[in-house]
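Annotation source TrEMBL lists compositional bias 'Polar residues' at 580-591. Annotation source TrEMBL lists domain 'Cdc23' at 85-230. Summarising the annotation, TrEMBL assigns region 'Disordered' to 568-601. TrEMBL lists 291-324, 325-358, 359-392 with the feature repeat 'TPR'.
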Amino acid sequence: MQQPFINSKDDIQIDLNQVRIDIIHGIRECSDRGLTQTVKWLSELNYALKDHKINNIQSNYDDGILPDERETYLLAKSYFDCQEYSQYMSSEKKRLDNSTDVGPDNSESTQVLLDLLSFFKANHSSLDGYLLYLEGVILKKLDLRSQAVSVLQSAVAGVPTLWAAWVELAGLANEYEALDSLQLPKHWMMYFFAAHAFVELKLSEQALEAYIGLANAGFNKSTYVTAQMAIAHHDRRDVDSALALFGELYQNDPYRLDNWDVYSHLLYLKEKRMELAKLAQKAVSIDKYRVETCCVIGNYYSLRSEHQKAVVYFQRALSLDPQYLSAWILMGHEFIELQNSNAAIQCYRQAIDVNRNDYRAWNGLGQAYEILGLNGYCIYYYSRAAQLKPDDSRMLVSLGEAYEKMEKIPNALKCYYKAHSTGDIEGMALFKLAKLYEKSNMPNSAAAAYTAACQEPGNAGSKELPPAQRYLAQYYLRFALLDHAAHYAYKCLEHESRYLAQYYLRFALLDHAAHYAYKCLEHESTKEAGKNILKAISEKRLSASSSQCANLPEDLPDAIKNISTSSISHDASKTPFPSPNTAPDNFSTPMYSKKSSKYKM
């Protein structure tokens, strides 16, 4: 394969004059053959390059379109041919779309596909690039993947601007090495193919570099390039950057429904209910029978926890397009919420049939079988998900949990450690690793893992932190390392002071609550919580109608009821022990080196 993969943002050198010529020729050829989606894709690129004028394109007929308006006309016509109407035709579209939503299933039988394939084999020498593309699609449907790859390579070599063939080819490459082995023509479309393939394989960093390179090469006004960059940010969990790009797209073209399913999912993740409701209303006003519209509405109902309604709209999307991957996966998630694991499994399996390279479907199957308690299946599906998304620690942690349930301790330890080394997204890998070491009677390793977890800034405030500090205090005390033990014991007191302050405040024992709230002020990690508790205490005291003591609840422990408030003092505690930097010469605790996580938002 001629390398299309981008190593820096300035590597791409494209002759935009030749690009315009190829695009216009491709629009004519594909339009004559009814390939409306490819015409639409080419027209969007052509419109993005409208400021780059060319003078050597001769028209065979006079269609009355002014040269300055030709790019706009071609884009509008492509939308019309795809039944994506502009604002001015929206009312007519609504009038026509007043019937039922669900269309028939138009899938062809295997016999029809085989008959077509026989025809293509018999006339192979006379097939042009467009018919080769059709043959490749049929081979892919018959799951003859290697033959499909070979035929589609011939198709893109014959007609480089046939974007549909490039998309089908990208769907057949299940890993980076497979992309590298392809034999592709030396053409500027190769760069778009590589970037698209990176997005399909969830290689977000490479995808961003590729699209930034294309933007710098002259495609900075392309709505397609901007949308793909937003999707790449979404895949790398940079939600804010993705939302910013989708917001920019919405401002520039508020009637472009493409990728609104991803946009709505981002709003769902940020729990922006009002924005998601407005987006759903806008989508319905444009075209309520687009799959993107159904997904937007489904995400809106899911955010409102109306999961049954969400399922209805995802089913509606699939009735419009049974190959719509996002709808299968999202509907599977809804069935998980509805505790219908069997239905969720069917959805995820359908998603894999559509695209076996999407890690979300494999991970969803692992979750569904985990609910059913079938840990052997969990291990298989989580493993596939981790292979497809090796930089995501969540699948590795889930895989480790499945191994742990099946008492495969060495495998579980490897998974937790790899999740930590990869960049722990949820901050649980080290704690699970330490607990498993503790359970396996490996105290030194457990102490090392707990120490690394306590020193990780991202774990501050984690509910797993107090048990870890308690274990370390007891561990060092056992070896008579009193400074270390005192350090972690003092850390335990910080958390316990906050808990006790909140506990007594809940039962209106304000003096006791104030006592521990003042203790919270002595520690940087609990200072803010202490201030809030003291403020709540002041408000309760001011609102008290009399100085009568609060009635104690009946379920309050006797030991707390009998506490004498006179024994409580606000004397400052002793100065805390400094955190030990080094262990004694005769003792050492292994430490883990943690790479800074680039995925934390």
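Using the three backbone atoms N, Cα and C, a Cβ is placed for every residue, glycine included.
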Using DSSP three-state counts, the residues of the repeat 'TPR' (359-392) come to 27 helix, 0 strand, 7 coil
Could you give the residue numbers and ranges of same-chain residues that sit at least 6 residues beyond the repeat 'TPR' (325-358) on either side and whose C-beta is under 8 angstroms from one of its C-beta atoms? 171, 174, 200-202, 261-262, 265, 291, 294-295, 298-299, 302, 305, 307-308, 310-311, 314-315, 317-318, 364-365, 367-369, 371-372, 388
Could you break down the residues of the domain 'Cdc23' (85-230) into DSSP helix, strand and coil, giving a count for each? 104 helix, 0 strand, 42 coil
Confidence summary for the domain 'Cdc23' (85-230), mean pLDDT rounded: 79
